[in-house]
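Features reported for this protein in TrEMBL:
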TRANSMEM  105-125  transmembrane segment
DOMAIN    108-531  domain 'Major facilitator superfamily (MFS) profile'
TRANSMEM  145-168  transmembrane segment
TRANSMEM  201-222  transmembrane segment
TRANSMEM  234-256  transmembrane segment
TRANSMEM  262-283  transmembrane segment
TRANSMEM  345-369  transmembrane segment
TRANSMEM  409-429  transmembrane segment
TRANSMEM  441-465  transmembrane segment
TRANSMEM  477-497  transmembrane segment
TRANSMEM  503-523  transmembrane segment
Amino acid sequence: MQASTFTVKGNTGFGLQNRRILQGISDLRSRNLAGKSLRMTERNSCFGVSMDSASMGIELGRARRTVQSVFGSSAKARSHRVRAAGEDIEDAAPLKVQGQSSGSVLPYVGVACLGAILFGYHLGVVNGALEYLAKDLGIAENTVIQGWIVSTVLAGAFVGSFTGGVLADKFGRTKTFILDAIPLSVGAFLCTTAQSVQAMIIGRLLTGIGIGISSAIVPLYISEISPTEIRGTLGTVNQLFICIGILVALVVGLPLSGNPSWWRTMFGLALIPSVLLAIGMAFSPESPRWLYQQGRISEAETSIKRLYGKEKVAEVMGDLEASARGSSEPDAGWLDLFSSRYRKVVSIGAAMFLLQQLAGINAVVYYSTAVFRSAGITSDVAASALVGAANVFGTTVASSLMDKQGRKSLLLISYTGMAASMMLLSLSFTWKVLTPYSGTLAVLGTVLYVLSFSLGAGPVPALLLPEIFASRIRAKAVALSLGVHWIMNFFIGLYFLSIVTKFGISTVYMGFALSCLVAIVYITGNVVETKGRSLEEIERELSPAI
């Protein structure tokens, strides 16, 4: 989630290393007080992802070929059995044979991912622009106000993540996207034209609300329109587009050194995908699951026809009917999320984002430049390229394995690699015998950590949550889980520096390693495997109708 945007300027080397690292953070803090929270927020997205159009084309090409192969041939009889929440989903009962499909979900996934691009772009754009907009607005010496400009997005995103769930349940997924374009567009316009600090903060607050809504509804919509067989692959496309948004923000900032007023153009460019998102969603089909739940049966059939082809209408409608059989429940209220029926599965969703943050990804992002410089690499671009390459490679591998290896196994592999990498980072700062190699080991540990994160802990939670939540709680439960994510971002940004100051970076890194081990134990005992299962099958077993 961060290229040069997400790095801390400073030097390292320990005991002296610890003091230098802290000094590096203090220097950064004087310029971008709340940038930490922003960088952490971007963590899930990309961490310095360097994604070009060619690699994105390969990824989408793979998804397209998968769709064609899945729907272009008869499906093999498969059997599955789902056990209770907290246990693995295993094979047991055959699926229906699928016929040739004339539909395609890819264009609509692409439209939804404009929201993911904006998510990444608005998180990344302020870091490069902050110094220049601060001079224009007369706050170059006021780090507190600069911090508010950066961190206001987090407050807005927290509100937006909950608002998105409510809107998605009430008005539907596509209409929520269209409504989301309003704060995204207005916020970008205010930031572009701001002549005062107040206007800039209001603009950032509105864009934060917009990206908070996007963070909730993009994975939700994609999961509900994606065919079961490639839902994992398409779910990771959301992550890749967030990375692209951050990358675009970095590239767009390049002219700043020669044109200080360019920062206004940087914010203004976000208007383009915002408008395209609204237009595209006006012509995109609504989620068949949401329509069916609202009793709009004929509209659900029309939506299925557009997404999968008329040949699939009977089959998909049969799945929806089987899911709803014996239950005509309305959308759940917020208190229903904590009922005995849903409490465990909702707690799993919240825990996924809690563990993700406690695993230390943001600390690695903060110290990446300092760590690389300790190895003699002084270029921010080089540091970002290494971290970004690891993240892109890991995300690409994860997308190809998501529907083969499975979500749970990738999470376990990911956290195991992260724990080992954190231990390596901690020891590279403290073991005297490793002192001659501390820089090299620190670089190796950082790259391995980001690679491990991108294999599972990064992309899986946003994909897994819409799968395990029942349809009547899906939007609100996803919003609640994302709310935990934003809150953790805020508090880690607020207290991280003081914790490092008190305990030292090596101790903190070891604490993150222990958090990863806790995550492994929790995932083993509580997280279900969902690959190859329709959302309706998962719902019937994990949240049966009462």
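Each Cβ is built from the backbone N, Cα and C atoms, and glycine gets one as well.
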Region pair the transmembrane segment (234-256) / the transmembrane segment (145-168), three or more CB pairs under 8 Å: no
Distal contacts, the transmembrane segment (201-222) - CB-CB under 8 A, six or more residues away: 109, 112-113, 115-116, 118-119, 122-123, 126, 148-150, 152-165, 167-168, 173-174, 176-177, 179-184, 186-192, 194, 234-235, 237-238, 267, 270, 274, 287, 462-463, 465-466, 474-475, 478-479, 482, 485-486
Within the predicted model, mean pLDDT of the domain 'Major facilitator superfamily (MFS) profile' (108-531): 85
